[in-house]
Structure formats: structure tokens, C-alpha cells
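**Student:** Okay, so Swiss-Prot annotates it like this:
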BINDING   His560, His564, Cys665, His669  Zn(2+) binding site
Amino acid sequence: MEKLSANKIRQLWIDFFREKNHFFIESKPLVPQNDDSLLWINSGVATLKDYFTGKKIPPSKRLVNSQKALRTNDIENVGLTSRHHTLFEMLGNFSIGDYFKTEAIDYAYEFLTKKLKLDPKNLFITYYDGDDITFEKWKSLGFSNEKLIKGSRKTNFWDLGQGPCGPCSEIYFDRGPKFDSRGSELIKNEIENDRFIEIWNIVFSEFNNDGQQNYTPLKSKNIDTGAGFERIVSILQDGPTNYDTDLFLPIIAEIEKSTVFQYKIENYFLKEPRQTQINKSFRIIADHIRAITLAINDGVQPSNLHRGYIIRRLIRRAYWNGKKLGISHPFLYKLVEIVGKTLDYRFDIQTISKIILNEEENFAKTLEIGYNLLESQLKINKNQIKPVTVFKLFETYGFPVELTKEILAEKNIDFDLSQLVEFQEKHSQISRAKKTTGMQKVINSLTQIKAKISDFIGYHTHHIETKISFLANKDEEVAETNGENLSYVIFEKTPFYATAGGQKHDQGWIIQNNSTIEILDVFKDKFLNNIHVFKGKIVKNQPVFLKLDTKNRLNLERNHSGTHLLFASLRQEFGSEIKQLGSDNNENRLTFDFPLNRKPSDQEIKSVENRINSYINQKIKRKYLVTNLEEAQKLNAIMTLEESEYMDPNSLRLVIFDKITTDLCGGTHIENTELLEKFTILSCQSKGSGIYRIRAVTSWNKYFEFLKGKIQEILSKISALKNKIKKIEPNFGLNLPNLVDLEQQFDYLKKIEDDLKIYYKKLLKSQLRIVKSELDANKIIEIGKFSFYLDFNLPLHNLKQIAATWREQNPRISFILGANLVNNEFLIIVSSAILASNQILEKILEIFTGSGGGNYKIAQGKIQKKPEKEVFIKLLWENITEF
């Protein structure tokens, strides 16, 4: 067995299967594209789902990938066990109706023994009882009965309850008795252990389950393989755990620079309790920073919702474990660069680091206070914790509920979760995604289609009378639909374009027996038939009339052609290295994602827009050319995998705008650039580090809609600025002229807005100059270890700005300021960098009867009258432990 680097192992995998005529699929982003059933890409096959369901045509019947995936459903085991991770990589080889059991087993055996040079003596195999072909094949490769372990339906049959399913065969590597003195009974009895490591699972998809446990053979049999990358690396590098490899050790070494503690590999065998806890913290940090970095790179921003909550939770769990290693300052952001090197991945290091640093700084401000609150509550309640305290730790101090549970578990303390269910559902939308494959969500009736039975004629024809080739509900083919549920129909000829290549499907109507039924969706099956989704009553053996919504089609064509021109203009502006990472065109707008190592300037985006409008003014005709791959390459045609998935390499359709761009595309397009009328870029925003998304519209109508919206937005901002200025200068006035021309009105109002911003800032500076003098020491009150500044005699204007300024200048002091309002009401503002301002205000409003709100840093409200200072001081003394 040869010791190989992780990057070398990954490349060996890809190269091996390429030699076996497999098409390599690049690792896709962790955030699923157009798949609401998954929170994250959680398996190697998840990105290939549409190929297995027949919704997309694969670029080859043989595929290979190395897909990064993310799971957080068993996060508490990360760092505790040898092999649990949040981010992991799955090596996969797949056959879609091509080779089957014999070849799949041959490939697995050859790769492991010839390429990785693993000793066959160390390999153990499981197989499904009754799968004689698999048993005999492994036996022919030299495996004895002792090495071939019979599995049950529970262990060796992959079945999701409905749809394609079949037996599987697992490959285990025996690392020897130093890891466990017990033998193969560990595999037979499914006992968790570190001796026999499952490194490969081959699923033989050969049956269809109708949902009633009736199994019939599939005509097209598939192979779905998953090999654990981190596990294979640990075996080849002789690491006791997955963490003791070049995937994690460089990250751990970087963490060691921030702490006096060291990670010790040998402790796996020594099991010294204190070092075990130290190693656990190192592993958690090293694991989590990989997931954090890739997720942010793929566009997920830390937040309190959905995917963002999970990333925030990982950051805070990692930061807490840094605290346990004695690290009292932000450090995770420093690990981003080394993560990129270990994964052989390019990141926008600066942007990702900045996002992580900001999260660390925010959590650091509340961590100590929150932990002290937890400790004090445990002392008061004799090691019992109230659900309200757990809620407050999250709501006020940013402690994820799961982190609080872990801290309590380390102290051997349980707490009642029943009162937190509603809170968790609202704030913790955490993935409970099961280990799924791309064989889910199959519309059973569509599996009955065996060939291409329809032609798309919509490039030139917009309406036609035709016949029905196939009619079905979700479960079976029917002669007539009931009109109550979604139904599926294939026509002999159709003018309706199916969603593909970033272009949304056409809209229109089915007309039969004086009944008009709306088309809801159109998608392709694996034979390139256009499947039309509708809800209504139609009969199969009667003709139908199909009518395209031509206005909608024109808008789709404008936006699709606009996307091609945008891509060309971006390449002109930033260079030929600009790639299309994604696009989405519907009837209302278009989006385009592209990579760039910096944020495009406003001038550059304007230049891109102006260039496209010059293409429009040139009135360039669109041409179509059908050719083969070789000729397309000679024409320097721009080709994306998304487009090539739907096309025969011997019959490629090129869309040509002379002297601008030649692109492989199956979509619909305008006949001449002048039909775009006007191209307007609405925004260019960062989608994640190093990836930017342009949103744009085409046509004069959409442009004027955009202008009207922007004008209303600017008028609202002008009104708000005017009101702010009048609070400082009551006599300030502003009259706006009535301009008919929308463009003139927009330009004029934008200038007014900019001028008002400048004027307001000047007024603020002059106001704040008054408050930047030293604080009155007589108004500072010490309560316990906290300092408060109380002043109820300040001017009303800019009181919030004064509070914020003083807080920034004096971060160790909490400010409670007040000013008189009309009708004897009193304004209270709380501003603190170290205590929860909103919690302090909440208690004030509770005692003095009032209303208001705010956030951790600043909060404001009003009460019935000006309070007495002595009452306030008493209030602070009585409630200091709750703030």
C-alpha cells in the first residue's frame, strides 16, 4: 500500500473512470440548484437526480464525480468519533442504463487493488442474501466465503419505499487487531468500530417498488456508487482517524498557532482523558471551518434562518471550542486560506474571512456575558435550567440552542425541551435530510414512456392541431383525465418549449371540446419528449388545438437573447476567462452569474450595459446553424454543460449574432437585436465570495417600470431625509418640480437625494460636535462590575445619535439617556456595547409602563413621565443579572 496525498487519490479516481469512458462531472455547489427537497447537497448522487429520474439527458451513460456534500443531522458526533463530518467528499461512479453488476464490481476491485494497491487480504465484502450474481462475481475474484458476508434486507437492500430500488454490496477495509481485537462479527452484527471501515457501497438499482411492496424488474438498470473520500485517505495515510490526514492536519497546525495546547495523534491509542477533550476541540474546529468556508463560498450568509442559521451555528460552535482551547480572540477567519489549500479549491479568501471575522466579533461580544448568565442560573437553581433561560441565551446572546445543550451535557445536566419546540421550529430550520439518492420523486406513470414520441415545432410554429401520444396522472396512463389533479400529456407535435438551458417553459393553452386549459409546466423526459403539466379534463383519442402565448414567448426570447449578449459584453469587459456559472430567464427578467476576483465597478457595469444597447442599435440578425461538435469548436462556439446535456454531439444547434457571439443553445431567440428595444441592468450583487449576479430587464416597457419603481423609492428616501433635517432645522423646506419625462425626473431626484444626504451629514456633524466632550463623571454609576451613565436632561434632537456616539467612544459604559416629549411623555434610549440594550429597555417599560423596542446595541421607547433617578438605580441593582 502506497502512501498518497488526498489530491493524488482524488485525481487517480477521476482518471481511472475516465479511462473507462466515464464523463467527469465537476463538484457542484453545496446549495442545491432548482431542488427544494434538499437543504444541502448531502450525497454524491444528489446533483445527478434529474439524470436518474429521466428529467434531464446525461452527457454520457457513464458518469464519475467527486462531490462535496454537507450534513448536520448528527453534528454532536463530529469531533467525538473518528469519521463523522459536516463537510465530506463522495467519490462516485454511475451507470445509467449501461453496465451493471459484473463491470461495477470489476471496476471497484481494480481501482482498490491496482491503483491504490490495497491488499485484497484486507478487504471484506457484504452482499444481499439471494443476490447470487454478486456473490459469485466476488468469489471469482478470489474472495473466500469467510470474506463474503451475507446481508439482510435491512443492511443490503436500498429501498426508499417507492420507485427504483435494489440490493447493494459494501466493501470494508480491515485495519487490523490494534484497532479492535474482535473479528468480522463486527460487520455481521453491525457493531460500530474503528477496525473494519466501510469505504465503498455499490447500489444495484434493478427493481421498481410500486409503493405497495410489489417489485418488478426495471428495463433500464442503473449503478449508483459511493466511496468515502476521507476514509480512503485515512487508510492510505495510515491515520488512526480521518482527522489524522493531510485534509485536516494542516488546519489543525494552523489552529495550534493560536493556543498553548497541541493536538496529539498518538492519544487515539493512549486515551488520556484531558488530551481526548483537547483533540475533540481541535477536530470540531477543523471540521467546521471546512463546511463554513465552502458554504459561504457557495453563497450562504450566516443568519438566523434556514441554511444561514446552520452556518452561524457551526461558526459559534467552532468559536466556543476555540474558547475551550484558551483562544480568547477571533481566529477562525485566519483558517480560510489553509482550507483552500487542503481542498485544492480557489476561494475569495478576503471576502470569506471578512464574513467569518464579523460573525466571530459579534459572538465574542456576547459569549462571556451569556456564559456568565448560564453559570449564575445554574447556581441559583441548583444545576437546573429553565427553558426561558435557554431561549434568552439564543435570543439575546446568540447561543444556538444546540450549543447550550452541549455545554449542559458536558456538565451532566439535562433540560426540558418541550417548551422550546415552537421556538426551534421558528428559529432552527435545521436539515433533517435523510441519506437519499437521486432516485426519489419519480412520477411513476412517466416510466411507461419507452421512446421519443413527440416533436418540438415551436421555433417557427405557434399554434397547431395535433394528437395526444401519451396521457397520464401521477401513477398510471389514462384514457381521460378527471380535472381534479395534476396530469401529464405528450403531444405528437408541440409548440411549447420545455424548461431547459436556463430558459423557462412556454405558456399557453390546450383547447378541446370548447374547453380551454392552461399549461402549467413543460419539462423534458430522458427521450427528449416535452411533458406538459396541466389540470383539467381532456380525452386521449380526440384531437386537440394548442395555442402558444406569443406575448409571453416574445418576452422569454428577449431575455434569453439578452443573456447571450450580456455574456458576450462581460467577456469584452473583463476578458475571455469570464464563465457562465448560471442563468435564469423568465418572461419578466433575466439573471446571470459569473466569477470575478473583485467587485465590478459601477462604471464597468454601465459599460457592459452600454455595449449591449449598441448591439441593439446595430440591428443584428440572429442566425441558427445545426452542426457537429468538431465544426462548432472551429467556430469557437461558447458551450456550457447545461446546454450540452440536451443535445446530440452530432446535431448541435448554434445561435449566432454576427461579430458578437456564437453559442450552443437549444432555446428560443428574437430574430433581430432591435427587438430587445432596451437592455437595463437592475443590479450587480455578490452571490457569494467571488461570484456575482447581474439582474436585468429588456424592452422599453420593463425599463419604464423599473424607472417608476426607482422614482418612488427615491421620493420615499427624500421624504425621510427631509423629515430628519426638519428635526434639526424646523424651518427647512423643499419644493420638487413636476417633470413629465421619466428619465429627467429620475436624474433630477437622484441628485436631490445625494445633495440632501450630504447636507444632513453636515448637520449631524455639527450636532455631534456638541456631545463629543468628556462625560460628566457625576452621572456614572457603578453597579457590580458594570458602569452605567444616566442623563435624563438631554435635547430631544439626535438623542439616538448621541447615544450611539457615546457608546462607540466608551464601550465599557452602558448609557441610559432621556428627553421630554409632548404631553408629558418621556423618551428613553438605552445604548450598550456589553449588555443587551433591548433587555434593559424591556424591564424599564415593564416597570414604568411604556412601549418600544430595539436590538442588542441600542433600543428606544417612551414612558408616561420622567422617572426619578433613584428609582432607576434601584431597578438596575435588582435586575443586573438578567441583562
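Note: Cβ is positioned from N, Cα and C throughout, glycine not excepted.
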**Student:** Quick check: with His560, His564, Cys665, His669 left out, which same-chain residues have Cβ atoms within 8 Å of the centroid of the Zn(2+) site Cβ atoms?
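**Tutor:** Leaving out the recorded residues gives Gln503, Glu557, Ser561, Thr563, Val655, Asp663, Gly667, Thr668.
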**Student:** Look up His560 (Zn(2+) binding site) in the DSSP assignment and reduce it to helix, strand or coil.
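**Tutor:** Once the DSSP labels are grouped into three classes, His560 (Zn(2+) binding site) ends up as helix.
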**Student:** Non-local Cβ contacts of His564 (Zn(2+) binding site) (under 8 Å, 6 or more apart, same chain)?
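**Tutor:** Residues satisfying the criterion: Val655, Phe657, Thr661, Asp663, Cys665, His669.
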**Student:** Including all protein chains shown, what's the count of other C-beta atoms within 10 A of the C-beta of His560 (Zn(2+) binding site)?
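**Tutor:** There are 25 such Cβ atoms around His560 (Zn(2+) binding site).
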**Student:** Among the binding-site residues Cys665, His669, which residue has the fewest other Cβ atoms within 10 Å of its own Cβ?
**Tutor:** His669
